[in-house]
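So the structure is just underneath, and the comments pick up after that.
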Amino acid sequence: MLATDSDPIVAIATASGRGGIGVVRLSLGRAGEAAARALSDALCGARLMPRHASYVPFLDGAGEPLDRGIALYFPAPHSYTGEHVIELQGHGGPIVLQLLLQRCLDAGRAHGLRLAEPGEFTRRAFLNDKLDLAQAEAVADLIEASSEAAARSAGRSLDGAFSRDIHALVDDVIALRMLVEATLDFPEEEIDFLEAADARGKLAHIRERLAHVLGDARQGALLREGLSVVLAGQPNVGKSSLLNALAGAELAIVTPIAGTTRDKVAQTIQIEGIPLHIIDTAGLRETEDEVEKIGIARTWGEIERADVVLHLLDARSGLGPGDEAIAARFPDGVPVVRVLNKTDLTGAPASVTRTGGGAARADVCEVRLSAKRGDGIDLLRGELLRIAGWQAGAESVYLARERHLIALRAAQAHLARAAEHAEQNAQALDLFAEELRLAQERLNSITGEFTSDDLLGVIFSRFCIGK
């Protein structure tokens, strides 16, 4: 904990701009109840009753009203931050809110009141055990949710669903560790611990539960992060038309002139609540046009960063030499969907053919469609969800972040090594115990039991001020 984590702080807690209601929030830290009484008198002209809504004037330094509204006082520890908290709910004009904020700073100067940093209220809720770290992150995720599914999943994380699953796993690991440590402490008993305590069975159960939690976390991360989809191919194969068809709007210019798109056009759409970040790129070809060359170089940069590449071809000609040269340059490890567009000119029906192989970079499927008529667009959407790993009905999962996935995978690896040591019976019991300890440490990092101040600084700096 930093020394400044106990400073009294204040901030405007509502979004910038005009609105019906604006909120100024104070969390009084070490200044405590004495500051709460003094600020109640100075700002509202009255002593605020705990947990009661009081309709009062908000006073300036001369005792004149700046505004009138609702004042709320939450004594510690029964508040969002776990500290003494005052909230002033007035009208949402930016000028009156700035005046009220400055008045709070002036009135609280003797108590060391300062402006809050981004995420500092939620950081204090974490430090004062009102939220664990996964729940604190869910606050920001709920605010930033881009779909109903993401909002509901963030709400479940905030309610503690993710944390409860993690704590249950940790409890099981601790219980198994206790048995192992007891056996290491009393080797003279000569008991076959692994058999007597069914350690292998207990470990298998923990690994199975962890795999389930990791699967749910992957779904939640997909809701939060989405999928980057790059449209690539030669000029005039219908990339811009496909972007417009997927987005349901005319976002990109479509002409019969090759090379119309010279720079990327990006649009985020949603499919079943999953954000798809679709990028239409310049057509890939040999050219002497310097501007087009820059666009083509950027196209390859986007392809390198993509989660999925849609390789567009003209259904009339199929895969030609130029297309083969493009396909050969696609990076390993990036799924490629071969899209044969313009089926309206061939008379062929829309269809999907699964072609996935075992190579590091393989065409996972082939979709025949008409971007112009919309035939087969739903088939393509379905394939994108399948490639992303989205499971129908997975909206009940909790929202997760990349750091959670990293920690879960690391814990999974430690438990896998523990299982290997278990096969060596008592000869590797100390290594078995160590892998359990490391798995527990990685799981605890998710909820914040073992977390550095540097990581906390990064996490909470991404919040808005006043939250």
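Every residue, even glycine, has its Cβ placed from backbone N, Cα and C.
Per Swiss-Prot, (6S)-5-formyl-5,6,7,8-tetrahydrofolate binding site is recorded for ARG25, GLU87, LYS130, LYS467, and the stated evidence type is sequence analysis.
Summarising the environment of LYS239 (GTP binding site), the number of other Cβ atoms within 10 Å of its Cβ, over all protein chains shown, is 31. Taken from Swiss-Prot, the feature GTP binding site covers 236-241, 255-261, 280-283.
The K(+) binding site annotation in Swiss-Prot covers ASN236, THR255, ILE257, THR260 and rests on sequence analysis. According to its DSSP assignment, ASN236 (GTP binding site) is coil.
According to Swiss-Prot, the feature Mg(2+) binding site maps to SER240, THR261.
Feature annotation from Swiss-Prot assigns domain 'TrmE-type G' to 226-389.
All protein chains included, ASN236 (GTP binding site) registers 19 other Cβ atoms within 10 Å of its own Cβ. In the structure as shown, the Cβ atom of ALA282 (GTP binding site) sits within 10 Å of 27 other Cβ atoms.
Distance between Cα atoms for GLU87 ((6S)-5-formyl-5,6,7,8-tetrahydrofolate binding site) and SER240 (Mg(2+) binding site): 50 Å, as a whole number. For the pair ASN236 (GTP binding site) and ARG25 ((6S)-5-formyl-5,6,7,8-tetrahydrofolate binding site), the C-alpha distance works out to 56 angstrom.
LYS239 (GTP binding site) and LYS130 ((6S)-5-formyl-5,6,7,8-tetrahydrofolate binding site) have their C-alpha atoms 50 Å apart, to the nearest angstrom.
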